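Peer 1: According to TrEMBL, the transmembrane segment annotation covers B:27-46, B:148-172, B:184-205, B:217-238, B:259-282, B:317-338. Per TrEMBL, the feature domain 'ABC transmembrane type-1' maps to B:149-338.
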Amino acid sequence: MGQLVLKDVKKSYGSHEVIKGVDLDIEKGDFCVFVGPSGCGKSTLLRMISGLEPITGGTISIDDAVVNDVPAADRGLAMVFQSYALYPHMSVRQNLSFGLENIQTPKAEIAAKVDEVSKMLQIDPLLERKPKDLSGGQRQRVAIGRAVVREPTIFLFDEPLSNLDAELRVDMRAEIAGLHKRLGNTMVYVTHDQVEAMTMADKIAVLRAGVVEQFGAPLDIYNKPENLFVAGFIGSPKMNFLEGAVGTVSAAEFEFVPTSGPPFMLDHASFDIEAGMKVTLGFRPNHLAVVEADKADMTVSVRGTEQLGGESFVYSNTPDGAALTLHLSGQTSIEPGTEIGLSLDRALCHLFSTQTGVSLRS
Amino acid sequence: MARVLSFLTRTRGNGAGKLHWTDWLSYGYLLCGVLLMFVPVIWLGLSSFKTEADLQRFPPRLLPMAQETMVLPGYDEPLPLYTITDGEYAGEVLAQVRRIGIIAQMVRPDAPTERLKVNIKLREPVEKFRLATENYTELFEKFNFALYLWNSVFITATATAIMLLVNSMAAFALSKYQFRGSNVVLGMVIGVLMVPQTVVLVPLFLISKELYLIDSLWGVIIPGAATPTGVFLLRQYMLTIPDEILDAARMDKASEWKIFWRIILPLSAPAIAVLAILAIMWRWNDFLWPLIVLSDSDKFTLQLALNTFQGDLNTQWSNLLAMTMLVLLPIALVFVFLQKYIATGIASTGGK
């Protein structure tokens with residue numbers, strides 16, 4: 001129970017197409033996260049799965065049954081909303097039991113389920129309170145409880161943690177992940193926060209402008225981004241990019257010629273390239289090392305530093321002005337205004353076609 | 001109580017108990033307002049306890065006073081008492097038996113058989129404070145006050161209930177559903193806001209007549225069942241209820257009717273309370289439309305019954321004033337009760 005398949009799902013408002021043909025196959029029991037910048041259509045896609053938003057084209061099937069024309073309530077899904085959407089005039093108990101009352105569940109059974117779920121989510125002392133008397137985290141639990149109590153096949157979460165403060169968000173993240181382990185249901189989770197995506201997901205779907213840019217396991221997406229957008233979006237701080245061209249190519253190595261600064265050699269093995277191609281080199285801030293000027297792949301001028309104690313960030317510019325971020329563990333003595341030499345970890349760089357943005361990984 | 005008192009006696013807040021000139025100004029202004037609002041009501045209340053004779057008196061007095069009377073042996077009726085101001089019997093209190101021209105025949109209360117002749121200029125009536133409660137009791141004895149009251153209560157209660165239901169359903173559809181022509185409907189509703197009631201009086205009467213609603217209480221209730229003001233007011237309020245709550249209810253398998261009944265209505269309670277007050281006041285005080293529709297006096301509302309006191313030749317002021325007082329009372333009570341409800345209603349919607 002709980003397999004969700006989207007085939008060429010589309011949505012347009014008038015002539016404006018917001019979801020441009022999405023294909024996804026979410027396995028039963030998976031925790032799937034839709035991540036993307038705001039306005040990419042991830043919430044719309046979730047609402048289309050829930051049935052609250054009609055779809056313009058394609059099919060949505062749950063457990064091999066097409067549910068395009070099945071109303072929201074009959075799809076066997078439960079949704080947790082960004083604003084929690086608790087019924088403000090009802091007590092927590094009434095909020096939890098409202099859905100069960102609507103399907104004519106016997107009173108004793110409702111009471112038993114509400115008790116069970118509220119104990120599980122530790123909201124049992126709050127049952128007689130109104131939502132306005134709860135803190136943000138407690139409201140969040142009630143909203144989750146309202147979804148859990150109906151025993152749906154699939155849970156849908158629409159940015160559920162975005163209204164919480166940072167500390168609480170970390171706690172709730174762990175709690176939702178724990179809930180997923182315990183219940184084993186399929187969950188679809190929408191967020192714009194890639195940390196949430198990386199930490200919670202079994203599968204991540206990275207969306208941009210109504211298109212799935214990449215769908216896969218978190219570390220696969222991190223290690224092998226399929227295009228510039230995914231490479232830049234996943235990972236914090238952002239991946240560094242250098243534009244340039246491919247110089248001479250040999251069997252083992254090739255020469256990368258940045259638009260400014262001296263060329264340097266990279267491994268050829270994992271890339272599918274030919275001489276003269278316009279390419280963008282991508283490397284993560286923590287795959288850079290500070291070295292002597294004569295061993296460096298590039299020299300940059302330091303714009304500023306951020307010392308967090310356990311780790312440090314160095315913000316710098318290449319000679320032609322492109323921003324490069326450097327992530328160092330521990331503390332650093334690098335001063336703003338100085339010039340430093342950097343060498344990059346050849347095994348861990350990414351190469352993209354500048355023209356199409358597609359990864360050149362072979 | 002102490003909090004009410006400290007609220008009412010608040011000043012500009014220099015704390016020393018000295019009044020700033022703005023305090024004088026604002027309290028003066030408030031006092032002016034209170035007088036303007038309350039003096040007519042107080043005058044009405046006091047006058048409703050005056051006898052007909054006292055009402056006709058010039059110059060008028062504030063308190064209801066009545067002449068003292070005394071029952072004396074040998075006379076069937078109680079006799080009015082006078083204090084003699086001058087002349088032969090100056091200082092004595094005498095009872096008047098009858099009056100002929102400027103001479104009154106009077107007797108001493110302790111010697112009721114001996115008739116004395118007194119010039120009417122030389123005496124003053126003995127008066128004391130007395131509430132003429134017969135003004136009120138007569139309403140129930142001589143007029144069918146209970147029936148009129150029932151008609152008014154029935155019309156007000158039924159019409160308000162129907163109006164709230166119809167208006168809130170329309171407002172729900174206009175605020176929460178997207179359908180073709182919703183803006184046109186809304187435009188028409190707002191357009192109707194601009195049409196004065198008197199303009200549609202004649203067509204409304206003709207339609208009511210065709211529907212056999214004339215001379216029936218339903219003829220008063222139904223034509224006003226949907227008001228543009230109410231639809232607009234409730235719609236504006238319902239727009240503030242987040243759509244996500246409705247979506248959540250839909251995911252909870254609530255029918256649209258249930259969403260309306262269990263979610264929208266309770267959350268709109270403050271706006272509905274405001275509208276209920278307006279509707280009750282309007283229905284209770286409505287005069288023109290009932291006057292047109294109702295012709296059988298058995299179906300009269302209180303307002304129409306009040307009007308019947310005012311004859312072409314003779315107006316029974318004492319009863320009229322008493323009845324006006326009774327008509328005012330329920331509406332004042334309703335207002336006091338619902339106003340409290342509005343305050344709690346606003347307070348309870350503080351949550352996100």
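Glycine too: its Cβ is placed from the backbone N, Cα and C atoms.
If you look at the structure here, what lies around each of the features I listed?
Peer 2: Same-chain residues lying 6+ beyond the ends of the transmembrane segment (B:27-46) with a Cβ under 8 Å from its Cβ atoms: 62-64, 321, 324-325, 328.
Within the chain carrying the transmembrane segment (B:148-172), a Cβ under 8 angstroms from the stretch's Cβ atoms is held by residues 189, 217, 220-222, 224-227, 230-235, 237-238, 260, 264-265, 268, 272, 275-276, 279-280, 283-284, 290, 299-305, 326-327, 330, all 6 or more beyond its ends.
Within the chain, the transmembrane segment (B:259-282) has long-range Cβ neighbours (under 8 A, six or more residues past its boundaries) at 156, 159-160, 163-164, 167-169, 171-172, 176, 227, 229-230, 233-234, 237-238, 241, 245-246, 249-250, 331, 334-335, 338-339, 341-342, 345-346, 348-349.
Long-range contacts of the transmembrane segment (B:317-338) within its own chain (CB-CB distance under 8 A, at least 6 residues past either end) are made by residues 41, 44-45, 47-52, 55-56, 132, 135-136, 138-139, 142-143, 145, 149, 152-153, 273, 276-277, 280-281, 284-285, 302-303, 305-306, 309-310.
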Peer 1: Can you work out which residues elsewhere in the same chain, 6+ from the ends of the transmembrane segment (B:217-238), have a Cβ less than 8 Å from its Cβ atoms?
Peer 2: 151, 154-155, 158-159, 162-164, 166-168, 170-172, 174-176, 186, 189-190, 192-193, 204, 207-208, 264, 268, 270-272, 274-275, 278-279, 283, 286, 289-290, 293-294, 299, 301
